[in-house]
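Copied over from TrEMBL, here are the features:
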TRANSMEM  C:28-50  transmembrane segment
TRANSMEM  C:85-102  transmembrane segment
TRANSMEM  C:114-134  transmembrane segment
TRANSMEM  C:140-160  transmembrane segment
TRANSMEM  C:167-189  transmembrane segment
TRANSMEM  C:209-232  transmembrane segment
TRANSMEM  C:258-284  transmembrane segment
TRANSMEM  C:296-318  transmembrane segment
TRANSMEM  C:325-345  transmembrane segment
Amino acid sequence: MSATPPGTARLRVESATIGYDKRIISEHLSVAIPDESFTVVVGPNACGKSTLLRSLSRLRKPSAGQVVLDGADINSYKTKEVARRVGLLPQTSIAPDGITVADLVARGRYPHQGFIRQWTGDDEQAVLRAMRQTSVADLSGRLVDELSGGQRQRVWVAMALAQHTDIMLLDEPTTFLDITHQIELMELFTDLHHAGHTLVAVLHDLNHAARYGTHLIAMKDGAVVAEGSPDEVVTAELVEEVFGLRCLVVPDPVAGSPQVVPLGRERTPRRSADKVDVESARNG
Amino acid sequence: MPRPRRRLLGLLVVLVVLAVLLMLSVMIGSTAIAPSVVWDALFHSSADTDQFAIRDFRLPRTVVGLVVGAALGLSGALIQALTRNPLADPGVLGVHAGASFAVTVAVGLLGVRDVQGYMWFAFAGALIVTLLVLAFGSTRQGSSPVVMVLAGVCVGAVLGGFREALQLTDPDAFDAMRNWNAGSIAGRPLEVVWPVLPFFAVALVLAFVVSGPLNALALGDELAVAQGVRLVRTRVLAVIALTLLAGGATAIAGPIGFVGLMVPHVARWIVGPDQRWIFAYSALLAPSLLLVSDILGRVVTRPGEIPVGIVTAFVGAPVLVALVRRKKSSGL
Amino acid sequence: MNTHIPPVDFGRRMLVLRRRRIAVRLQWRSVVVCAVLAVVIAGAAVLALMTGSYALGPGQVLAALTGRETGIVHDIVVEWRLPRVAAALMFGAALGVSGAVFQSLLRNPLADPGIVGFSQGSYTGALIVILVVNGSYAQLVGGALLGGMVTAVAVYVLAYRRGVQGFRLIIVGIGVSAMLGSLNTWLILKADLDQAMSAAAWGVGSLNGVSWNQVAIGGACIAGLLLLAGVLGRPMRQLELGDDAAASQGVRVSPARLGLILVGVALTATVTAASGPIAFISLVAPQIGRRLTRTAGITLAPAAFVGALLCLVSDYLAQHIAPTPLPVGIITVILGGGYLGYLLFTEARRRL
C-alpha cells in the first residue's frame, strides 16, 4: 500500500478543474499517485479517467487548480524536462510508414537529445535496454507494420521505456489485444514496477486492475469514488455503485486478489457447487 | 407530411418553379421584356426587335439551359448513386478536363473555330476521360470515393498541363479557349442541341433501367448481389448513362461545375433515399438551378454578363465545403 | 569509437558520427542517395549551362564558372544562364522541403501547399494586380503572396472542426480552388488578350527572365527558411508518432506545428513570388525522396535534393522540348500529375 502521504507524492493533482472547451469533466479533482506504486485508474466509459491521465502527463492543462510534479506546478517546467520525468503510452499512436522497431524505440530518446547530439552512447544503451526489457530485441530490425498487435504494443512500451522516466502513464495499454497478450503485457508492467518505476494505468478490466495494481483509483462522473488497495476498492458494493453492475467478488484462485464475477440474468448456474454463493449474493 | 404525398406535392412545386424560371429566363436580360411580348413572340411572330431577341437569343438560351441542366442533374444523381459518394460530381471526375483538352486540340492543332465544331470533340474527350477516371478510381471492392475524386484531379492536372502548353504557344487557341472554358449557355444555337438529344434519350432510358438496382446497390455490393442485382451490368449501364449525359452537356455548354454535385443532395433531402425519385427530382431541379444562376449572371454585372459556369462555381463551392464539414460525409 | 556497446540493429546500415559534443546517426542509404543526387544535379546544371542557342562545351562552362573565361562566354554562362539554373535549384529545393513539411504534418502523401489552395489563391491575387490594378512587379508579388496566404488560411479554417483532418482539408482545398479557378477564368476572360496571356503564363509558373537580383533575394529567404525547417525537422519527426506521443516526449505540439506550417507556406510563397506557382514539385519530391532513401516517414534533405533536380530538369525540358520555350510549370504539372496517378494506383488505393 501507499506509504506516501498524499501531500508529498511526486505526482499529484490538486483541486483541478479539467475539461474540453466548455464541457467540464472534473471539478475540484484531487488525486495523488503514491510513489513507486502501480496505480490503476478504473471506472465506466467517459468517467474522466483518460482525462485525468492526460492532465497528469500535461497534455491537458487544468482550467483551475494544478498538477504538481516534484513539488512544482507541472506547467512551470520546460516541456523536455517533464518528458524526462514522466512518460506516456498514449491510447493511439501512429507508426510512420516503413519504420523499423529500433528506429521507433529510438524516437523515445527525443527529450534527451539536441540538434547536434542525436545519438550518444547513452541513447544506444537506453534503446537496447528498453528493447530487452520488453523482449523485442530480436525484432529490432523488423518493420513495425509487419508485427502482430501484441508485438507492436510491446514496441510502443519500449519506446516509452527508452524515454527513461521514473513515472510512466499508460492509457488503456491492453485494449485490442487478445487475452494472452494482455496478460503478457500486464506482467511486463509488473516487472517494470518491481524495477522501480511508478506506473499509472487506465484499465477497463477490473480483474486485471485488482490482480496487478497496488493502488486503485475508482472514478465516476469525473470524481474519485474510492481509492486504496485492490482489496479495499474492489467490493461488490463499490462495483455496483461505480459501474451499476451487480456482481459477486470472490478471491482469484491463483493470485488471491479480488475477482469480479457479474451476476447477470442467468438464474441457474451450470455447476451446483457455485450455487450457494450466488444465491446468497442475490439475497444479501 | 407522409412521404408519398410530400413527393407528389413537391414534384408539383418543382414543376411550377421551373416553369416560372423558364419564363423569367426569357424575360430578363440586358433589356427586360414584358410577358405579353414573350407571348406574342412565341405565338404571333412579327419583326419586332424584342421578338427577335427572344426568338434568336433568349429562347435558345433557355432551351439549352433546360436540356443541359437536366442532363447535369441526372448525371450527378447517377454518379453519386453509383459511387455511393455524396461528393462525386461528373465535373470533378474529368469530364471537364477531357472535354476541355479535346477542344483545345481541335482549336489549336486542327483549326476548328465554331461551337458546332467544338461539340463533337468535347463530347468524345469527355467520354474517354470519364471512363478513364472511373476505371482508374475503382478498386476491387467497388470504388473508393476519395480515390475517385483524386483520380479525377490528377488526370485533370496532366491534361491541363498539355492544354496550357498548347494554349500558351497559340494566342488564337488561348482566346477561343478562355471563352469556352468559362462554361456558358449563351450563344448556342438550337442546332447544337438537336444532335445530342438522341444520346440523352438513350441515357434517360438507361437511367430508368438502373434506378431500381442502384437502390439495392446503396446497401453495399454484397447485399445487392444477395438481392439478385447483377453488379457489373448495373455499373456499366450507369456509367454509360452518366457519361453520355455529362459529356453531352459539356459538349453543348462547356464546363459547368457543381450543378451535378449540389442538386442530388437537395433531391435526397426532399424525397429520401429512393433513387427513382432522386433521379426525377434532380432532372427537374438542376435546370432550375442553372437558370437561376444564368439569370443572376445576366443581372449582377449588367450590361455585362458572367458566364453561368462561374456563377455555379461560386454557389457550389460553399455547398461542397458545407458538405464535408457535416459529420456524416466527412467520415469518408 | 565506443566499440564496447553492441550496436543496435536498425535493420538498415547506419552511419554514426561521434566527436566531442557531436553525436549524429544517419542512414547510410540516405547519405549515399543524397550524394548521388548532388552529383547528378551538378551534371544536369552543367548541361543546362551548355545548352541554348549558343552551344558551349563543358570545358568552357567550367572555365567560365571558375572565372577563367571572359567576354561573351562568361556573359552567357554567368550572366544569362546561371541565374536561371540557380533559381531552378533553389526553388526546387524550397518546394521539395515545403511539400515534405505538409505531407509529414498531415500524414498524407497527397498534401502540399498547392492542394490546400495556395497556388490558385496566389494566381487570383496576381491576376487582380495584373488585370484590375495594372500594378508594378512588386505589387504583383505582394498580391500573389496575399492571395495565397488568405486562401491557405481560409481553407485551413473551413476545414477546421475539432482539429484538421487530412482528407477534409484536401476536399475543402479542392472546393475553394475550384471556386477561385472559376474567378480566375472570368478575370482572364474580361482582360485583353495580351495581358491575359502574360498573366496566364505567370499563373503556370515560369523561370523566364529570372534575374540575379531575384535569385539573391529569394535565395537568402530560402536559405533562412531551410535552416529553420532543419531545426524544426526533429519535432516534426516526433509529431509523426501522433500528437499525444510527441507531447509526452517533450514536443510543444501547437507551436511546433504552427511553426512548421508557417515555414512550409513561406517557402512556397517565396518561390511563388519569384516565379509564379510551380505546381506539383512539392507533392512529388518528398515521395520520390522517401522511396529512394527508404526512410521511415518523410525526411527533409532527400526531398530538397529531389526537388532541386526535378525543377532543374523540368525547366531544361520546358526550354528545349518545344519550338518556343514553355513555362516550367507546364512540365511539372504533367510529370507531377502522372506521378500522382501512379501514387494513387499503388498506395492510396491500398490504404483507403
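The backbone N, Cα and C atoms fix where each Cβ goes, and this holds for glycine too.
Those TrEMBL annotations? Automatic predictions, nothing curated.
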Could you check whether the transmembrane segment (C:28-50) and the transmembrane segment (C:325-345) come into contact, where contact means at least 3 Cβ pairs under 8 Å with the two residues of each pair 6 or more apart in sequence?
no
Cβ pairs under 8 Å between the transmembrane segment (C:167-189) and the transmembrane segment (C:140-160), at least three:
yes
Please report, as numbers and ranges, the same-chain residues at least 6 past the borders of the transmembrane segment (C:209-232) whose CB is under 8 Å from any CB of it.
79, 83-84, 86-87, 90-91, 93-94, 97, 101, 256, 259-260, 263-264, 266-267, 270-271, 273-275, 300, 304
Using a cut-off of under 8 Å between C-beta atoms, tell me which stretch among C:140-160, C:258-284, C:296-318, C:325-345 contacts the transmembrane segment (C:114-134) the most.
C:140-160
Going along the chain, which residues at least six beyond the ends of the transmembrane segment (C:296-318) come within the CB cut-off of under 8 Å?
30, 33-34, 37-38, 40-41, 44-45, 47-48, 51, 84-85, 88-97, 99-101, 103-104, 207, 226, 229-230, 233, 237, 240, 278, 281-282, 284-286, 288-290, 325-328, 330-332, 335
Taking C:140-160, C:258-284, C:325-345 as candidates, which has the most Cβ pairs under 8 Å with the transmembrane segment (C:85-102)?
C:258-284
Given a Cβ distance threshold of under 8 angstroms, which distant residues of the chain, six or more beyond its ends, lie next to the transmembrane segment (C:325-345)?
88, 109-110, 201, 204-208, 275-281, 283-284, 287-288, 310-311, 314-315, 317-319
By Cβ distance under 8 Å, which residues at least 6 away from the ends of the transmembrane segment (C:258-284) in the same chain are close to it?
87, 91-92, 94-99, 101-102, 104-105, 110-115, 118-119, 122-123, 126, 141, 144-145, 148-149, 152, 201-207, 210, 214, 217-218, 221-222, 225-226, 228-229, 232, 235-236, 239, 306-307, 310-311, 314, 327-329, 332-333, 335-337, 339-340
